[in-house]
Each structure stands twice: as C-alpha cells, then as structure tokens.
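Over in TrEMBL, the protein carries these features:
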- A11, E32, L40, V76, W366, G373, V374, I375: FAD binding site (BINDING)
- H147, G148, N149, V150, R191, R192, E203, G373: NADP(+) binding site (BINDING)
- 2-158: domain 'FAD/NAD(P)-binding' (DOMAIN)
Amino acid sequence: PRVCVVGSGPAGFYTAQHVLKHHGGARVDIYEKLPVPFGLVRFGVAPDHPEVKNVINAFTQTARSERCAYYGNVTVGRDVTVAELRQAYHAVVLSYGAEDNRVLGIPGENLSGVYSARAFVGWYNGLPENRDLKPDLSCETALILGHGNVALDIARILLSPLRLLKKTDITDGSLAALACSKVKRVWLVGRRGPLQVAFTIKELREMINLPGARPVLNPADFTGLENAIKDAPRPRKRLTELMIKTALEKPGEKTMEVQAVVAQAAAPREWGLKFQRSPEEVLPTADGRRARGVRMALTRLEGSGDSAKAVPTGDVEELECGLVLSSIGYRSLPLDAAVPFDTQRGVIPNSSGRVEGVPGLYCSGWVKRGPTGVIITTMNDSFETAQSVLEDLQVGVLDVSASREGFGAVESILRSRGVRPVSFSDWEKIDAAEVARGKAAGKPREKIVDPQEMLQLIGH
C-alpha cells in the first residue's frame, strides 16, 4: 500500500511512524509546503525549551526509513491537488495543522502595535512568512490577551535576560530586536478567572522563577480559592495552589530565600495576571495609527469549572500599553475544494480520522480535532488515525490490488508545473549549515529564515 501524508509536523510524522511500524509493506510519502520539516516543533516550541524538540530525533529516524520519503517545498492544493494525490495513493492523510489564528473581532485590531501570538512566535522562531514582522518593542508595557502556554511563552521571551536567550536557537534578527526592547512590564489578560486558565504548571513555574522579573498577582483574585479547588483534579489543584502561594506570599516569609526576595523586589521587570476582562477595543493614539491601550469589559462568571462563561458586567476599564499580542488560539483553513470542511469548528469532519463521505481520505492532528493539546496529545491522535488506515487496509475498504504509482505519478505533475521538491537529504544539508552557523555564535543552531536562501544552499 502507498500512503501519502500532507504536513510534516508531529501529526504527520506520528501518523507515518505508526503506519510504517505496523505494516511491513506500506510505503509512506510525506509532503510539506516549506523546504524544512517538523512544523510546530521547529516553529512553535519556544527556543528556550530545547528538550521539547527532542522528538525531532525520532522523526528523523522515520524519515530515513527506506519505506518513507519526504518531499518539501510542495504546496498541496496549489502544486498538486488532493484529487491528484488520491489517484496516486491508496490512502491520503491530511495532517497540515492550523496555519491561521483566531481574530479578536474588535475595533482597533489592525492598528500598528497589535500582533497575533502566532505571528510573533513565528517571528522569533524563524517561520519564513513572519520573518519581516518587525514588532515595535519601544514601549514599556505589553498586553497579552489569553491565558494559555503560548501567552506565557511570549511573556517569558519578552522578559528573559538576553544572556539566557543568546544560548537558544532564537533567530538572529529577533535577538537583536529584543536586545533593544524597552518592554519591562507584561500583563496577561483573560476573560475568565484563575480556575479557568489554560496554561500548565511547568510554564507558570518558569515564569515565577524568571531571573530579573517579579510576578505581580492581586491577592484579592485568589482569596477563598483554597475551598473551591478541594475536589479539583490534581493538575488544576497544584496549578491553582502555586498561583495562590505566589499571590499571597509576603516578602520575608520563610518560604522564599531572603536573597531571592531582595532580588525580586529590585527586579527591573514585572509581569502579572489579570482576570475577568474581555477586550472591547484597541485604543488608538491621537494620530489614529498606533495602539496606546485596550478598553476591556469587566466580566462575571456564570457556572463553574471549565465550562464557566464570562458575561460582561457593564463596567469597563482601560489599560495603557503600546504592544498588544492576541493569543486566543490557532485556526485551521480549508486546503482544497475537494475536501469537506467545517468552517464553524475549523476542522475536517471525520470519525476516528476517516474523513466523512470520502473513502480513502483521512486526517490527523489539529485539522482533525481543533488546535488544542501538546505534542503527546497529537501523538495519540495520530496513532488513532493511522490505526483507522491500517484497519481499512486489513478489511479491504482500501483496495490494494489496484496498484498506485505514488510519487512517480506526482513527480511528473510537479515537473509539468515547474515545482522542484526538496528531499530529506536536502534538508539535512540545510540542517548542517544551520548547526554550523549556530556553533560559530555559541547557539545550538542559527535558523535560515529565507526559503530562497535554503533552496540556493542545496543548489535548487
């Protein structure tokens, strides 16, 4: 059987890995629109979280398998259609993730100084489409809308001492911009309360322990929460306890080293969490061009736990800031008119990864279940889809007696359209160049951010 996977992020690679491992004869081709593989592992994971990128080693093993091939620099839906892939393969799996962001839908959202978290993360992580972002970091106060891990990542990058960032694979351009940054205060704002935050304890702890930055949490937000979390699941309980401890701790209490207290009090930078506030408008400067603040509706919660809803109280509040980052979630886009798509939920309608009404077409990852969860969630999700493919092969839903040409057929289509794919060994040349450049700068790698430069390097 010939299987094709569209997208080379964790969803694509885990799907390929599972099919290859559990079917001794299957061949899997992975297509990727960028020359370089690994999706959000390369372009989403924070530069100061190198341990999370270790999955790349396993993905590389998969790509090097003689039954697996990688074709980068191929945009499915433009260079080759899904219908053409379905002609060439027994099964086609769409694992292309979420390449857009949710919009706030409020006035002033397009003012200068307002950025999506997705674009900002793409900028410091070297995503080619965001390489020219040039965010304005000349203000003292930044406001991040959202209480997820991406929001904390951005806050941490904005406030981290340069000496720490210099040792990471953060891009050269963003490091230079951060070196000149005037940002010294970051507020993270959410519509709901402390019991509904989406970030996890590891990210919160890193933020609390960030050198040179002190947490500013309002004790009033946390009083009486001990009772509310008595029966909460353990992760939520531990997370809330850490926030309570941080908010209510008095300097000089024995829970913190005295030195740490002194250092924190003198910290030049600060960050804080603001709750039950929903953005209504980004306020413009006098010339109408730039952001100078955000007007927020104060909310009250109806219901409790994860399902609590934020309802405006009628009161508003203005917060001054020159940088606004909207971190309210990623969004998948339809790839090709031939593929069903639920625009409301931003996913391909499917059951266990089988695309509804289109036999032989599958999906995995964020385009299958929505943009939530960490790499391990995506792994399990991809294994489920791969299992569906294997079952359909076993019971004959996929007719393997009809031979399919696979890449042979696709190659002639691409050639006729002037598209030259990038192989995995091409990527390994780019990888080696990045690592060599990084070594010279004392970093794990220096990412190349221009696709043209990547293609030149491999002689395309």
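Including glycine, each Cβ sits where the backbone N, Cα and C put it.
Quantities reported herein were computed from a predicted structural model and do not represent experimental measurements.
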Check: When the Cα-Cα distance from V150 (NADP(+) binding site) is computed for each of the binding-site residues A11, V76, V374, which gives the smallest value?
Finding: V374
Note to self: Taking the Cβ of each of the binding-site residues and counting other Cβ atoms inside 10 Å, which one has the highest number: H147, R192?
What the structure shows: H147
Item checked: Residue among the binding-site residues G148, G373 whose Cβ has the most other Cβ atoms within 10 Å -> G148
Note to self: What whole-number Å value do you get for the CA-CA distance of W366 (FAD binding site) and R192 (NADP(+) binding site)?
What the structure shows: 24
Next item on the list: Give me the Cα-Cα distance between G373 (FAD binding site) and R192 (NADP(+) binding site), rounded to a whole Å.
Entry: 20
Note to self: Is it possible to get the count of other C-beta atoms within 10 angstroms of the C-beta of L40 (FAD binding site)?
What the structure shows: 21
Notebook entry, point to check: Same-chain residues six or more away whose CB lies under 8 A from the CB of E32 (FAD binding site)?
Noted result: G7, S8, G12, G39, Y70, Y71, G72, N73, V74
Item checked: Separation of alpha carbons, V76 (FAD binding site) and N149 (NADP(+) binding site) (Å) -> 30
Check: Taking the Cβ of A11 (FAD binding site) as centre, how many other Cβ atoms lie within 10 Å?
Finding: 31
Next item on the list: Out of H147, R191, R192, E203, point to the one nearest V374 (FAD binding site) in space (Cα versus Cα); all of them are binding-site residues in the record.
Entry: E203
Margin query: Going by a 10 angstroms cut-off between Cβ atoms, which of the binding-site residues V150, V374 has the sparsest surroundings?
Written below: V374
Next item on the list: Count the other Cβ atoms sitting within 10 Å of the Cβ of W366 (FAD binding site), across every protein chain shown.
Entry: 29
Next item on the list: Name the one residue among R191, R192, E203 whose Cα is closest in three-dimensional space to that of L40 (FAD binding site); these are the binding-site residues.
Entry: E203
Margin query: Give me the count of other Cβ atoms within 10 A of the Cβ belonging to V76 (FAD binding site).
Written below: 22
Notebook entry, point to check: Tell me which residues of the chain lie with their Cβ under 8 angstroms from that of E203 (NADP(+) binding site), as long as they are six or more apart in sequence?
Noted result: N149, L152, D153, R156
